[in-house]
């Protein structure tokens, strides 16, 4: 009631002078709605600017204690709190072929899962259970772990076919389906699907795939991303340059493929954005950016919102430059898409996206001392977790004051990501011509 009363006063204060202005200049009242709409847009811009200011004001709140065996931090995910006020977990996949688990708020180390026979391609927490985390491995399995348990044994193993080398995966928002993408072996590349239900009821038993999609990509499937709110929609990206969107409720792969977008380069990252998450975007291994609107698929309007061949050339990051992109985050409150990139010396650049182009929002410095490989955005407390080649895990919060360790020097160790990523054979110069 109080909020409604205050809102009514605001309307009177703001719009009453506008109506008086219309009357004073003898303007017809038909222009009043147009003026009010423009004022509304001004308020909307103010809200976006406030979010941008908040992002630029992120400061280091915590650092994890350095591990005895330093490794690149390649992927980060956080659990959803089981109930308000309960603890949350952070899982990190490392170049040492291990998964490390931390307390979300303090960044205290909890446990580590070692002994993976291949390279890890990511970590994902279940959406409905805060203690269950998934990981995919190049040796052809997706494993499920219970982070509350001290055992090194997975509670579930999802086995692929003998030739499968998994380099990407994701879990649907309903936790019903797991999907993994393979490297190309001979002429084959697959999206492999499993039923993820009942993971805690069949400990350590191997689950066989439900089936595969094999016709939609012709090279390594580098990224998979399920829709945040529609469990039947999944997106895949490949070194063949294609980004495909599937409706897995359909009976076969041909019917399931509802959209194909061409990035013109090797896809390195994917995401959903926009109201109702009807937009998709991708980043490429040569630092390009593409943004499409799936709501325009059945219309005559173009679906491409923005296509930037090289973000490094279009975003001015003062004297620090922009060396690479890490990924994107959609800020629901602002209804705005942001990109995260950085420099080889550890600076993190926050980039705002609009259909007019990209612009630098701010730079987070003083944290990492080497390339940032991963991040995870938390809309709950509007904080950011980042991990890099300096083996540091950092928690950034608005206006925070750091109360922990000083930053470490850069680590000179070889990157498993660099070893396995193949550069797309279409060069930037040839595409520009």
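Just so you know, glycine gets a Cβ as well, placed from its N, Cα and C.
As recorded in TrEMBL, the features of this protein are as follows:
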type   : residues : note
REPEAT : 113-155  : repeat 'WD'
REPEAT : 214-256  : repeat 'WD'
REPEAT : 365-397  : repeat 'WD'
SIGNAL : 1-21     : signal peptide
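Confidence for the repeat 'WD' (113-155), expressed as mean pLDDT, is 90. Within the chain, the repeat 'WD' (214-256) has long-range Cβ neighbours (under 8 A, six or more residues past its boundaries) at 167-174, 176-177, 179-184, 187-191, 193, 262-272, 276-277, 280, 282, 284-285, 290, 292, 294, 421-422, 424, 426.
Across the repeat 'WD' (365-397), DSSP classifies residues as 0 helix, 18 strand, 15 coil.
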